[in-house]
Amino acid sequence: MPTLNQLIRHGREEKRRTDRTRASDQCPQKQGVRPRVPTRTPKKPNSAPRKIAKVRLANRHDIFPHIPGEGHNSQEHSMVLIRGGRVKDSPGVKSHCIRGVKDLLGIPDRRRGRSKYGAEKPKSI
């Protein structure tokens, strides 16, 4: 514990907060190219492989966003749009790919929660 004299001479150093959105430059969405197509296994109680993408953003940051929904058409060197939002059981995955934008297609024949997965409105009978 510092003495009063030491505090007068030096003061207290403020804690620096870590920036969780460093890769996105405080932007709501960011565009990137996908150089690799890996999958990851989640943390302990869960076991299904999670579909993720290694994406190089326009500002040269490499991030690992999650691809939501069942199945995807994403390949190497396809353009994707990234938004925030982490995946709780996958360490290091702090963003999501946006379906139905750029080269990542939406989910066909999806009826509910369509806006989250880039699905078109079904034709009424």
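Heads up, the Cβ atoms here are built off N, Cα and C, so glycines get one too.
Predicted, not measured: the structure shown is a model, and the values here were computed from it.
Residues annotated as region 'Disordered' in Swiss-Prot: 1-51. Counting residues of the region 'Disordered' (1-51) by DSSP class, helix then strand then coil, yields 7 helix, 12 strand, 32 coil.
Sequence annotations record features per position, and here Swiss-Prot assigns compositional bias 'Basic and acidic residues' to 10-23. Within its own chain, the compositional bias 'Basic and acidic residues' (10-23) is flanked in space by residues 2, 30, 57, 59, 61, 63, 84, 94-95, which lie at least six positions past its ends and keep a Cβ under 8 Å from the stretch.
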